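> Pasting in a structure now, in structure tokens, and then I'll have a few things to ask.
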Amino acid sequence: AATAPRIPPTRLALHHFDVNYSLQLKDLWPSVRASLLCEQKYGALLNNFSAVHHVTQELELLNATDFVSEAPKKAPRSQRGAAAEEAGRGESRSQERSGEGRTAMQAETMTQAEMSPPLRPSISSNIKCYTFPRGDITRFRPARPDALGLLDYYLMDAASLLPVLALSVQPDDFVLDLCAAPGGKTLALLQTGICGHLAANDVSISRTKRLHQILHSYVPKVIRETVSVTSCDGRDWGQLQGSTFHKVLVDVPCTTDRHSVMEEENNIFHKRRTKERQMLPMLQLQLLMAGILATKPGGEVVYSTCSLSPLQNEYVIE
């Protein structure tokens, strides 16, 4: 008997995005679509625990710039709120005060327009991430170890830093990274040098092992020992350690749009994962609620995804 040809999950993903995002983004979708299908550009997050002065000089000679420090210079003050909102569409984020409503639990949902400029000195002065100019597809060399064996920078999608910057960690804050693996955002949080305590959790044991590897490669032992790494179901965290943290990052599992249109392996648009994909918004909501419950009164939660889908962003928040 003839069998129907197997449609690659990348093609299924692109078709899904064509149908939905073209309605959402309208005239912007063709350029966004082209960006999703282009080779991914990385940023180099400098490791402050390594000897980075010569690395900074090396990267600047290659015409790379620290986008964290450059961003406030490029955007006029009147446009920063709009710029933060536009950036949030790629790496969607939302800040909430701990609780459920302004009156019921002294809670406050902050829109991007209400947010103060996202790059505050307390954190942006310590985090440095170098990127090449738009249109420059130069690749960074692999990271190198210093005399102590610590790698000099970590390659990551620069947009992944936006939730960390939005979290605006203050000195001695207790911070929770609820869905931490593979570890880029946890490493960025440590680069601030001001966390009073950092808890990094991920439900996947194998991905948590990757997190341990990153910490071992980039962070001195004395600092690693101050980080609590766990492999719990994030949905239960509010019951395990409720009202404990000043800042909580909830970077939830999502459709990971770029990966879905570029990679066959571990693709959530594979037909056998249809049910899992459909249940994502419910999982995301449960994780967000757990993050809110884990936050001290008056604390802040940042929710983020790697998806453009309103179902996984605005609708979860609302």
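Indices start at 1 and increase along the chain as displayed.
For all residues, glycine too, the Cβ spot is worked out from N, Cα and C.
From TrEMBL, for reference:
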type	residues	note
ACT_SITE	Cys306	active site, nucleophile
BINDING	Cys179, Ala180, Ala181, Pro182, Gly183, Gly184, Lys185, Asp202, Asp233, Asp251	S-adenosyl-L-methionine binding site
COMPBIAS	86-100	compositional bias 'Basic and acidic residues'
DOMAIN	67-318	domain 'SAM-dependent MTase RsmB/NOP-type'
REGION	70-122	region 'Disordered'
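Neighbours and distances for these, please.
Over all protein chains present, the Cβ of Cys306 (active site, nucleophile) has 21 other Cβ atoms lying within 10 Å.
Cβ environment of Gly183 (S-adenosyl-L-methionine binding site): Ala200, Arg210, Leu211, Gln213, Ile214, Leu215 lie under 8 Å away, each six or more residues apart in the same chain.
Taken together, the residues in the domain 'SAM-dependent MTase RsmB/NOP-type' (67-318) have a mean pLDDT of 84 on the 0 to 100 scale.
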> Taking every protein chain shown into account, which of the binding-site residues Cys179, Ala181 has the largest tally of Cβ atoms within 10 Å of its Cβ?
Ala181
> Give me the non-local Cβ neighbours of Asp233 (S-adenosyl-L-methionine binding site): same chain, 6+ apart in sequence, Cβ-Cβ under 8 Å, ordered along the sequence.
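Within the chain, Asp233 (S-adenosyl-L-methionine binding site) has Cβ neighbours under 8 Å at Val203.
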> Express the distance between the Cα positions of Cys306 (active site, nucleophile) and Lys185 (S-adenosyl-L-methionine binding site) as a whole number of Å.
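Cα-Cα, rounded: 13 Å.
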> Within the chain of Lys185 (S-adenosyl-L-methionine binding site), which residues six or more apart in sequence place their C-beta under 8 angstroms from its C-beta?
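Looking at Cβ-Cβ distances below 8 Å from Lys185 (S-adenosyl-L-methionine binding site), excluding near sequence neighbours, one finds Ser160, Leu161, Pro163, Val164, Asp177, Leu249, Asp251.
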